[in-house]
């Protein structure tokens, strides 16, 4: 009878696991990015509404109504959970669409929710929390606007042709063949809301032009929708300011301005190129080590649904911000509903006006759309599964980004765990070990000069890692002696400007259910009489737990002591040993604040005040930033501070952790030509903390145990094929374990 009951229980568990997996798979399409067909259907629907008067996004006039961006509009969480947890019908898919209405008396930016997909029939206006209006001037810059800026720069450069030609040793902006100038524009575009004034610096258009400034910067007012009314407000040349191009040229010709003469660089000694130079001791006739999968993939991908070693999740790449995962489960239990990149900023300092003004807020450049093709063997291993991504931003048709996301399993070349149990007599009692493999979900964003590599990593012991690695070109300005207070001279006339990278993530944890609580754990010294030697005292550490009951209590400021452990748990669910099931966030970061609290642009990035802030989940608090913050950080459409201002109760509630990681980068000569990834990676871990009864990686059959046999020969116990495969080694595993004097 007992055996029959156990069999029945096993059947129920198996059925429950299969059903859970089926529901997760069923729900994954809710989070999939818009398809090409859906994008085209939404465009066709909106262009068919006469009163909108929509025209092509690439039409040359600025006074037009056009679609700026289109991406998936996520369902409300409670609606999504009905599909994920009960197998009910998925809510209808919808698109979020940003339209810029420039062809009207009062231009505006309006967001719409359009659906249902794939055949939209209705639309409604989407507003931000508090119904904050979006300034038309806060819109991202478009290709058409860049074309008009280019035309203005051509006129400026034509006026200053002699100056530019003599300064650069023969470079010009027009009629230049292979000795051309280009430009980089700076944001935010102004000093107050409603402005659209951009500092633009000229550079030599060579490979890696980002680090070839020529010392010519111009402030352009391009607020008016008629480009003929745009004006030049300031010129900066050789550390001097001028009110017009004419003033600069007059003083240049009269000798009142010291003339610059930049050194020339031919293709052979171009310092910004990737072409190898210098001596290397590495053999060039053989390739380095490569990843292999002897018997093929151990993970599965079905559209945007991924399964691996107990893990399952859905993913998307949001056009405005980037990589996201949803419904993250381990062995069928949800760990998190959403883990998503929200924002990336790089705030600079410097001596030139462009450097002073540079405060990049990358969602404002549609960071998620800058996911370009990944190179096999460099960006991802050759064995990776590559996925195309599709975006609709500043375009008239969907744009395909081939092989822009990759998924692969890799070995870390580090055991997940191991132990050598010595007998202290030249032998051993046993050796046990488990190789550490991890699944990686990766994409990149190349926003102007910097390349961000975004990774989500899934380990077999229930640990997830979120990581960003920074590489690409530094943002460089023209060298001045005073610039050494703000950076490092990295080449002739080139200053690498100091800057701080901050990355913001949303982590919507659902630990054993939606109702969670949050505590911090620190240590306190205790001093007491030694019970087995009363004449002595014991001083040791003792756990000190603090339950945080409100949002304000759980918002930790930079500059203040940060707790040793931050722990999210379910008060009603316990593991076998009586502990509340939980996960903790472990930081790998060197972040700090970038501006004083409340100082002008800091208002738009109020999330950057906190390495960690915990809030109660609200569908109205879906993101911590917006695509409009870059060009209006002073009165942002999304203010993260509003999320914690009401100081809601967070005990036994659906909680969201908002995580900020980052690092200070003081450029150095080794950043030429590029910043390298080692030492420039930050992120955080999600680690189980009494969530399981024991290490769940015990289920892995890759474990190897070696014990000495009675005949003195090692006895190997393993659960995978004895020989890995000819592409790795054709020899079976061998281990001796003895040690002796020689």
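Quick reminder: no glycine exception, Cβ is built from N, Cα and C everywhere.
All annotation found in TrEMBL is predicted automatically rather than curated by experts.
Per TrEMBL, the feature signal peptide maps to 1-18.
As annotated by TrEMBL, domain 'Copper amine oxidase N2-terminal' applies to 37-122. Residues of the domain 'Copper amine oxidase N2-terminal' (37-122) grouped by DSSP class, helix first, strand second and coil last, total 24 helix, 30 strand, 32 coil.
Residues or ranges marked as domain 'Copper amine oxidase catalytic' in TrEMBL: 290-698.
Listed in sequence order, the residues of the same chain lying 6 or more apart from residue 362 (active site, proton acceptor) and placing their CB within less than 8 Å of its CB are 343, 344, 345, 346, 445, 447, 630. Residues annotated as active site, proton acceptor in TrEMBL: 362.
Annotation comment: TrEMBL describes 450 as active site, schiff-base intermediate with substrate. Other C-beta atoms found within 10 angstroms of the C-beta of residue 450 (active site, schiff-base intermediate with substrate) number 23, with every protein chain shown included.
As annotated by TrEMBL, 2',4',5'-topaquinone applies to 450.
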Checklist entry - Taking every residue in the domain 'Copper amine oxidase N2-terminal' (37-122), what is their average pLDDT? => result 97
